[in-house]
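What Swiss-Prot says about this protein:
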type	residues	note
SIGNAL	1-20	signal peptide
DISULFID	Cys48-Cys63	disulfide bond
DISULFID	Cys55-Cys72	disulfide bond
DISULFID	Cys62-Cys87	disulfide bond
DISULFID	Cys74-Cys85	disulfide bond
Amino acid sequence: MKFVLLFGVLLVALFSYSSAEMLDDFGQADEDELLSLIEKEEARAKECTPRFYDCSHDRHSCCRSELFKDVCTCFYPEGGDNEVCTCQQPKHLKYMEKAAGKAKKFGGKIKKWFG
């Protein structure tokens with residue numbers, strides 16, 4: 001029994017040492033890639049188009065609301081030949097955000113009652 005326990009401890013120690021070595025090897029390359037991706041994401045996040053503003057220049061540039069990303073919706077105004085595109089939130093997503101907000105608020109009340 002002591003032999004099995006000693007063998008198990010030795011096996012766990014070797015496994016943790018080998019996994020730490022592999023993480024060190026991959027760590028530097030992954031860290032550099034992660035930093036560049038974060039910088040790109042921050043640069044892209046600054047360029048989002050607010051709700052009800054023109055998004056015809058880039059239809060994927062709409063900002064995010066609390067839970068969902070707004071959608072670039074294009075339409076022709078009455079009596080006009082020009083297409084107008086604006087960032088809008090679809091109604092079903094608007095209702096889902098309201099429901100999530102109410103559920104979050106109700107969860108806070110329950111936590112307050114029983115917490």
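A Cβ is built for glycine as well, from the same backbone N, Cα and C atoms used for every other residue.
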Nonlocal residues around Cys48 (disulfide bond), in sequence order (Cβ under 8 Å, 6 or more apart): Ser61, Cys62, Cys63, Arg64
Per DSSP, three-state class assigned to Cys85 (disulfide bond): strand
Cys85 (disulfide bond) versus Cys55 (disulfide bond) - Cα distance in angstrom: 6
Sparsest Cβ surroundings (other CB atoms within 10 Å) among the disulfide-bonded residues Cys55, Cys74, Cys85: Cys74
Lowest local Cβ density among Cys63, Cys72, Cys87, which the record lists as disulfide-bonded residues, within 10 Å: Cys63
